[in-house]
Each structure stands twice: as structure tokens, then as C-alpha cells.
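J.: The structure follows.
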Amino acid sequence: MAQAQGLGKRYIKAFLKGFFVAVPVTVTFLDRVACVARVEGASMQPSLNPGGRQASDVVLLNHWSIRNYDVQRGDIVSLVSPRNPEQKIIKRVIALEGDIIK
């Protein structure tokens, strides 16, 4: 019985140790490297949510390349809505700085 309690305490200690390492690593990864997001709505059709289906697409947002402002024409970017700061929007880049659009 005492051996089972010692084994249980050892497992709990190992779990907590792993938990307190894994959580900060995961949060840092999601904040600095990449995260997964769900895309809803028709604004990105036909690339995302093709055919007007009700299901939403899931995308991987790359935070790493945006740090160097490595954005090219045709890239899809996610940003905070200027009208509603609590909402994120997703758009395709059609022009870069200095481009003229007609």
C-alpha cells in the first residue's frame, strides 16, 4: 500500500513537472510561431469555404514570416478588424507598398 502511494506521488510529480514545462512552451509557440484558426464566411471563396458549404475551413497561421514583413502578393493574411477590434478578419494581399491599383 505504501509502495502504491509512493508510485502515485511520483506520477503526480512527473505530470506536474511536464505540465509546467509544456504550457509555457505551447503558449509561446502559438503566440510566436504558428497557430490554427477557423475560417468562416464567404469572403475568401473559392479559395476557402468553396461551394458555399456550411462547414468552416481550418488554416495554419504562420506568425514567423510576418515578423520579417515577408508578405507577397497572393498571400492570405489574418488581422484584427478595424471596425471591431474583437474580431479577426482574413484577406488576400493584392498589392504591396508602392503598387497602383485600378
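Placement of Cβ uses the backbone N, Cα and C atoms for every residue, glycine included.
Pulled these from TrEMBL:
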DOMAIN    14-101  domain 'Peptidase S26'
ACT_SITE  Ser43  active site
ACT_SITE  Lys91  active site
J.: Who sits close to Ser43 (active site): which same-chain residues at least 6 apart have their Cβ under 8 Å from its Cβ?
T.: Ile89, Ile90, Lys91
J.: What is the Cβ neighbour count of Lys91 (active site) at a 10 Å cut-off, with all protein chains included?
T.: 12
J.: Residue counts in helix (H, G, I), strand (E, B) and coil for the domain 'Peptidase S26' (14-101), per DSSP?
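T.: Taking each residue of the domain 'Peptidase S26' (14-101) in turn, the totals are 26 helix, 22 strand, 40 coil.
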